[in-house]
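Below: the structure, in structure tokens.
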Amino acid sequence: MKSIVISSNSSGGGKTTIAVGIMKALMKKGFDVQGYKVGPDYIDPAFHSQITGKPSRNLDIYLTGEEGVKASYSRGKGNLGVVEGVMGLYDGKGIDSKYSTAHVAKTLGLPVVLVLSPKAQSATLCAEINGLINFDKVEIGGIILNNISESYYNLLKAAIEYNCNAKVLGYIPKDERLKIGSRHLGLIQSSEIEDLEEKIDICSEHILKNIDLEELFKIFKKTPEYEDNFHLENKNLKIAVAYDKAFSFYYRDNIELLEELGEITYFSPLMDKELPKDIDFLYIGGGYPEVFIEELSKNESMLKSIKEELDKGLKCYAECGGLMYLTEAIENEDLKGNAVGYFEGFSKMTKRLQNFGYAQLEVYKENEILPKGLKINCHEFHKSTVELDEDKIFKINKTMYNGDTKHWNCGYIKGNTIAAYAHVNFLGNIEFLKALLEK
């Protein structure tokens with residue numbers, strides 16, 4: 001597979017718009033495209049998947065390590081890969097570029113196409129571009145200018161190619177039709193945008209018209225065959241995964257590892273009446289249960305089914321929205337609805353982010369599921385809290401940008417159920433997954 005990385009100088013620079021537009025444009029040209037996303041985000045990969053018809057893949061060095069990123073990348077399918085970056089090109093976990101888009105690009109040996117959305121700049125923009133080019137040994141293959149007029153583009157193209165050792169590939173004109181709304185986790189889910197196909201099609205037409213595709217094709221680079229040693233032995237397990245509009249945040253790596261362990265049955269907490277029969281493990285990922293709390297609470301037979309099975313000792317792992325769903329109730333402004341009620345207490349939405357970013361869990365409580373001292377790299381992003389009268393199992397360690405470390409206890413254990421706000425990629429935490437399933 002040949003691939004490129006789409007990055008920018010900051011968040012909000014147009015990466016997602018350009019990345020999905022390029023994917024669609026390439027597909028119109030007859031290519032089989034694989035989407036990738038740098039970092040832990042769940043939303044952008046859903047856009048990729050909607051366009052390409054295949055699961056997008058997260059490439060996250062903090063959550064999976066460099067070898068995990070290589071393995072996940074190698075599992076992609078298609079002739080061309082488009083990797084959407086995160087934040088600015090060199091922005092990672094701390095004040096250096098570790099775990100950044102640049103780190104991923106260098107790990108995979110891929111060139112970067114910069115997407116920039118300039119305003120009232122010319123020579124200063126060139127200085128910024130030269131800084132991006134010279135900051136580290138990342139191959140900058142070209143530049144796409146976003147959300148500008150044709151006359152401004154002509155001015156900037158001349159300035160950049162005069163002052164910078166960089167090729168300007170084209171531009172995307174200002175177009176109000178390309179705007180996408182937002183929700184508290186960033187972009188809203190692709191399945192909720194009624195005119196998503198139209199927006200993507202408009203963007204792809206701009207790309208076909210205003211981007212030099214011949215030059216873009218020259219930037220795509222073939223990568224070597226990377227080793228993939230992240231596999232598990234089939235245990236003939238029957239695994240139930242909650243999946244619908246309320247619960248859709250799952251890393252593709254996690255699903256594939258569970259598929260290796262046995263057979264996955266997907267079910268909908270919104271629509272189905274009860275859990276699948278004779279299952280060995282229940283996985284409830286994140287999502288937006290607070291948005292659909294009325295529908296979830298009305299499905300009383302499902303709530304009862306889950307609680308009964310957990311009370312009987314069914315093994316379960318729940319993340320973020322899954323944790324909220326297992327409490328007694330979810331409060332969202334004026335809305336309040338009953339949830340599963342396995343954990344004593346409730347969850348409540350907040351206006352501000354409670355925790356955000358990379359961290360590391362450490363099992364500090366003696367228990368029968370996870371070995372004490374086990375460390376698990378994770379990511380948190382939530383605007384809610386839980387108040388539960390249950391045993392906590394993890395100590396979380398979070399390194400701040402200034403180098404200080406914050407600690408607090410989190411995550412809950414009851415019976416054979418473990419639930420926490422943290423999102424975990426099993427590819428980088430194989431021992432954690434094994435422990436969840438081996439009791």
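Cβ atoms are placed via backbone N, Cα and C, with glycine included.
As given in Swiss-Prot:
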- CYS320: active site, nucleophile (ACT_SITE)
- 238-431: domain 'GATase cobBQ-type' (DOMAIN)
- HIS423: site 'Increases nucleophilicity of active site Cys' (SITE)
Counting across all protein chains present, how many other Cβ atoms fall within 10 Å of the Cβ of CYS320 (active site, nucleophile)?
26
At the level of the C-alpha atoms, what whole-angstrom distance separates the residue listed as 'active site, nucleophile' and HIS423 (site 'Increases nucleophilicity of active site Cys')?
7
So if I draw a 10 Å sphere around the Cβ of HIS423 (site 'Increases nucleophilicity of active site Cys'), how many other Cβ atoms end up inside it?
21
